[in-house]
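Annotated in Swiss-Prot:
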type	residues	note
REGION	1-22	region 'Disordered'
REGION	52-93	region 'Disordered'
COMPBIAS	55-72	compositional bias 'Basic residues'
CARBOHYD	Asn171	N-linked glycosylation site
CARBOHYD	Asn269	N-linked glycosylation site
REGION	289-346	region 'Disordered'
COMPBIAS	303-313	compositional bias 'Pro residues'
REGION	362-408	region 'Disordered'
CARBOHYD	Asn398	N-linked glycosylation site
CARBOHYD	Asn406	N-linked glycosylation site
REGION	552-572	region 'Disordered'
TRANSMEM	609-629	transmembrane segment
TRANSMEM	638-658	transmembrane segment
TRANSMEM	696-716	transmembrane segment
TRANSMEM	726-746	transmembrane segment
DISULFID	Cys766-Cys768	disulfide bond
CARBOHYD	Asn776	N-linked glycosylation site
CARBOHYD	Asn786	N-linked glycosylation site
CARBOHYD	Asn791	N-linked glycosylation site
DISULFID	Cys802-Cys814	disulfide bond
TRANSMEM	818-838	transmembrane segment
TRANSMEM	862-882	transmembrane segment
TRANSMEM	909-929	transmembrane segment
TRANSMEM	955-975	transmembrane segment
TRANSMEM	1012-1032	transmembrane segment
TRANSMEM	1035-1055	transmembrane segment
TRANSMEM	1093-1113	transmembrane segment
REGION	1127-1214	region 'Essential for cell membrane localization and transport activity'
REGION	1144-1169	region 'Disordered'
MOTIF	1211-1214	motif 'PDZ-binding'
Amino acid sequence: MERFRLEKKLPGPDEEAVVDLGKTSSTVNTKFEKEELESHRAVYIGVHVPFSKESRRRHRHRGHKHHHRRRKDKESDKEDGRESPSYDTPSQRVQFILGTEDDDEEHIPHDLFTEMDELCYRDGEEYEWKETARWLKFEEDVEDGGDRWSKPYVATLSLHSLFELRSCILNGTVMLDMRASTLDEIADMVLDNMIASGQLDESIRENVREALLKRHHHQNEKRFTSRIPLVRSFADIGKKHSDPHLLERNGEGLSASRHSLRTGLSASNLSLRGESPLSLLLGHLLPSSRAGTPAGSRCTTPVPTPQNSPPSSPSISRLTSRSSQESQRQAPELLVSPASDDIPTVVIHPPEEDLEAALKGEEQKNEENVDLTPGILASPQSAPGNLDNSKSGEIKGNGSGGSRENSTVDFSKVDMNFMRKIPTGAEASNVLVGEVDFLERPIIAFVRLAPAVLLTGLTEVPVPTRFLFLLLGPAGKAPQYHEIGRSIATLMTDEIFHDVAYKAKDRNDLLSGIDEFLDQVTVLPPGEWDPSIRIEPPKSVPSQEKRKIPVFHNGSTPTLGETPKEAAHHAGPELQRTGRLFGGLILDIKRKAPFFLSDFKDALSLQCLASILFLYCACMSPVITFGGLLGEATEGRISAIESLFGASLTGIAYSLFAGQPLTILGSTGPVLVFEKILYKFCRDYQLSYLSLRTSIGLWTSFLCIVLVATDASSLVCYITRFTEEAFAALICIIFIYEALEKLFDLGETYAFNMHNNLDKLTSYSCVCTEPPNPSNETLAQWKKDNITAHNISWRNLTVSECKKLRGVFLGSACGHHGPYIPDVLFWCVILFFTTFFLSSFLKQFKTKRYFPTKVRSTISDFAVFLTIVIMVTIDYLVGVPSPKLHVPEKFEPTHPERGWIISPLGDNPWWTLLIAAIPALLCTILIFMDQQITAVIINRKEHKLKKGAGYHLDLLMVGVMLGVCSVMGLPWFVAATVLSISHVNSLKVESECSAPGEQPKFLGIREQRVTGLMIFILMGLSVFMTSVLKFIPMPVLYGVFLYMGVSSLKGIQLFDRIKLFGMPAKHQPDLIYLRYVPLWKVHIFTVIQLTCLVLLWVIKVSAAAVVFPMMVLALVFVRKLMDLCFTKRELSWLDDLMPESKKKKEDDKKKKEKEEAERMLQDDDDTVHLPFEGGSLLQIPVKALKYSPDKPVSVKISFEDEPRKKYVDAETSL
């Protein structure tokens, strides 16, 4: 009788795979379906139905067999004590599974490394498990003859092997959340379950166990046999190559392993304590038997089960094999057929609280006496060669079990280069397939460990194992077993099935994951594709998020890539108008202040040093050139030394206190044009140029502060990609144009003879002679120097002396401005283009195949600086006198009549202080547009900046420093677009550990203040570094300009659309906007943008360049007019959506909420189905529902089809 009661309580074959419920196993009446549905934010409709006989629908009696089938289906839907909701498709079930939120950390998905081992002969003598393939992201195979790993490739699977895998999961052993610490325990639990379910005959148990515990031979072992063993603790290697809290994050891995090990020890001592296993099992499975038992006399001995019992408890295994037999739905007959008509038994783990209580007293008795020989992380049978077992006998079972310090790994047999590619916190999935001669039919097992356990020697890298898949079968079908192993390994790398495997609660969840995967696969005809061809990994892997989105009841599916981008452009908090004086500035300071210290700590990287050296060389030349041009325009009032000092002072202050320190300040063309116009005006009206300029600068600074106070930077939200790209493209083109222009200007200075007669080279000469008709200026110069033309030996003068004395060059080797200079121009051309191509090549060196990853990454970071060093060295060795960078040697004002402090009034009339406000207004627009457009480009969302922007704080710093520079008589500096883009590009951060074959992922920008700060500090110290800087050839710096201009063009969508004009439709790239916008409209959008770009270019290079900022502002209005030609959806793909009025936003929001409500209530047949516990189904016509988002969500539903027209209250929770 006692045995009969036990069998009634043991699970039957209808219940699903072995699941360790942990602490919830003792909860009997928990409604799991409600808890899980609440986590999905589902819509609940509560219906109050009167209890009357008339309301019940009468069904025709269909016989006893029909009711028996209904009861069976209902029972089969209950899995692990929960009622599983019904689903129409596997995709819906998968979406439900992925939506569950588990409280424990054991079901949180981790990155997986999958390894497949096959059972094979070693040297024709004995079996061993040999590694044949591995997956981190893509598949890598061990080449048959080359004894090496193949290149990573996209795994191609046969459809038949996928169906065979599904049959394996359907008919094989599935054990979820197994608690085990060694491979021996795992093997014993799996084999016990197989014997209990009838899948394996007990007579061949030892043969299978011996095969499972064979040695594992990994591909990398041969390469490391000659290396001196380097034995360190696993904790040490974890600090560098893996997550230091890996095992703790995976559900307190070590402590759980120790707990499981103590459970096994306690279970093995049952006979010593004289307790009956049957009574213990009844004590756990029958709570009522303990109801009247005092706490003191309560059973404190843990219960061994097939999941946690060692092989010393066969009686328990035999007990669990007794279960009720019910017919199951026959699976398709493939390679693997069911072992019997019943699915393997479900075994319930005892509550974890009882196990801990049972062990409490036992630990106190055995703390000093128990000695664990195999240890926790080591199994002698699993890997005798991969462990240092000298200390295994010292690991005590004192409540702490083994520790990471005591568990050593022989790293002489670990491929550390591959270990670096494994993400932190990753876990392992082991696939074991093979053929043996003692099996008549295949045996299959899918095991999920909880927590993951480091089974040293099982995997080629020391990563904790989470999943195990076993397939052993009779000889003769090894290729089929191999393909099934590849199928499950490839499935584990699939993003969706990977998550399903972690969150699955039963076998049906795994089958749904496979079915969902089959729904997504593409079959290639065998006659049109050779499966042996290895597909190269794609540059970018498509997102799988659309597979996680539930399908609406009306059948439509909202895919992420096919919905227009409704989010407003620049909708972040940085550009929200506060309505308070200096409100935006205060928020910027609050936003950036917490990151101030990290802005300096985050610069501790070699990449920042490379960026400093690159940008220093790139900024020096334009600043000095701008100062030289300004000196020519102002007759030395402001020149190179003032430009260097102003750039250094402004840049240091901006880098320290600005909201976006990634922005680099520099000089701009419109500022130079403005300076020229102002100087000409002052000279014509005999005004003091520096004083009037100071007045204008102070007014401009004041107006910038007013813009900051009124949150005017919030207007930046109207600057969309249309304006950004036109402005950025123009600046890039100007950089390219000016670089080429400066190269051609060298042709005037270093002229060469294009009409040489090689036979008369000996007769060519060029001498200095007396000017035939000296000008009055020349005569005045001679008189001042107290010389006459007759006293000068003209033919003996050098070129510089001849030019100083205003002599004339005569001869066949003379040009218009002096003698021909051989080789210099051509050498400059060589330096120019070599610098450009070498910089581009070294920057892309990171993706080459030569040298280790670290070397390639360092070369790529220092690409421009290395190029400059190489070209300077070559120029020095060749010795051709190329033009060099000239830096002022003294720190003093260029003009002797000025100082470092300028009065705003000076010698000018008082009214000039008031009149200066008019040009200051134009200058303010210039500064505002240049600064904010550059800031918008830097703060683009594709740069993935994490510390936020600070538009108001940026403008404040520029305005304040503009006033300081005006008072000191220094040039004005504002954000430089190309330099800032180059600065951002030099600080890009990519993922360090990328799977073989996978492209590194862009993580963001290294946001810090040190690079900008050091660039401008070095610029200020350049006066003291002239002895080094004088060796830099100017053509090399021009080549750097060309490189910055060309590299900044990358990523500008305008140029991608320009290329479409010359491409036939079939050769056009798969650009996202070409899917949803007609091609002719794309061309119209491009033509409009290109026209605006040409107009900006014409204005920029003309005398009207001072109004250039006004034209940039006009682009915003042009973009606004484009709303008349394009739809909102088209503009969302081609450009960013412009902000709309507040009223229109509210109307659109209400309209969208209404559409969402209607879509959620709509079904294929316009009916809402409400299932009840008795199996009945209530159907509510949607047309009878009246819903309004503005009213309370309690409505009346009339059932017109019912005889008495009853009314039901429906409460909806949306």
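Using N, Cα and C of the backbone, Cβ positions are placed for all residues, glycine too.
Location within the structure of each feature annotated in Swiss-Prot.
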| residue | record | Cβ contacts under 8 Å, 6 or more apart |
| --- | --- | --- |
| Cys766 | disulfide bond | Phe809, Leu810, Gly811, Ser812, Ala813, Cys814, Gly818, Pro819, Tyr820 |
| Cys768 | disulfide bond | Trp794, Arg795, Leu797, Val799, Glu801, Cys802, Gly807, Val808, Phe809 |
| Asn776 | N-linked glycosylation site | none |
| Asn786 | N-linked glycosylation site | none |
| Asn791 | N-linked glycosylation site | none |
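Note: the stretches the transmembrane segment (726-746) and the transmembrane segment (818-838) are in contact (3+ CB pairs below 8 A, sequence gap of 6 or more).
The stretches the transmembrane segment (818-838) and the transmembrane segment (609-629) do not meet in space: the count of Cβ pairs below 8 angstroms, excluding pairs fewer than 6 apart in sequence, stays at fewer than three. Asn171 (N-linked glycosylation site) has a Cβ environment of 22 other Cβ atoms inside 10 Å. If you look at the transmembrane segment (909-929), the same-chain residues 6 or more away from its ends with a CB under 8 A from one of its CBs are 670-671, 674, 678, 687, 691-692, 695-700, 702-704, 707, 712, 955, 958-959, 962, 972, 974, 1106-1110, 1112-1113. Beyond the ends of the transmembrane segment (638-658), by six or more residues, the same chain brings 619, 623-624, 626-628, 630-631, 664-667, 675, 690, 886-888, 890-895, 950, 953-954, 957-958, 960-961, 964-965, 968-973, 1009, 1012-1013, 1015-1017, 1019-1020, 1022-1023 to within a C-beta distance below 8 angstroms of the stretch. In the three-state DSSP reading, Asn171 (N-linked glycosylation site) counts as helix.
Through the fold, the transmembrane segment (1035-1055) approaches residues 617-618, 620-622, 721, 725-726, 728-729, 731-736, 738-740, 742-743, 746, 828-829, 831-836, 839-840, 843, 864, 867-868, 871-872, 875, 882-883, 885, 942, 977-979, 981-982, 985, 1086, 1089-1090, 1093 of its own chain, all at least 6 residues removed from its boundaries and within a Cβ separation under 8 Å. Same-chain residues lying 6+ beyond the ends of the transmembrane segment (1093-1113) with a Cβ under 8 Å from its Cβ atoms: 669-670, 673-674, 677, 723, 726-727, 729-730, 733-734, 922, 925-926, 928-930, 933, 1054.
Within its own chain, the transmembrane segment (1012-1032) is flanked in space by residues 612, 615-617, 619-620, 623, 641, 644-645, 647-652, 654-656, 661-664, 868, 872, 875-876, 884-891, 983, which lie at least six positions past its ends and keep a Cβ under 8 Å from the stretch.
All chains included, 19 other C-beta atoms sit within 10 angstroms of the C-beta of Cys814 (disulfide bond).
Look at Asn791 (N-linked glycosylation site): DSSP puts it in a helix. Taken residue by residue with DSSP, Cys766 (disulfide bond) is part of neither helix nor strand, so it is coil. In this model, the motif 'PDZ-binding' (1211-1214) carries an average pLDDT of 36. The secondary structure of Asn776 (N-linked glycosylation site), as reduced to three states from DSSP, is helical.
Mapped onto three states, the DSSP output places Asn786 (N-linked glycosylation site) in coil. According to its DSSP assignment, Cys814 (disulfide bond) is in a strand.
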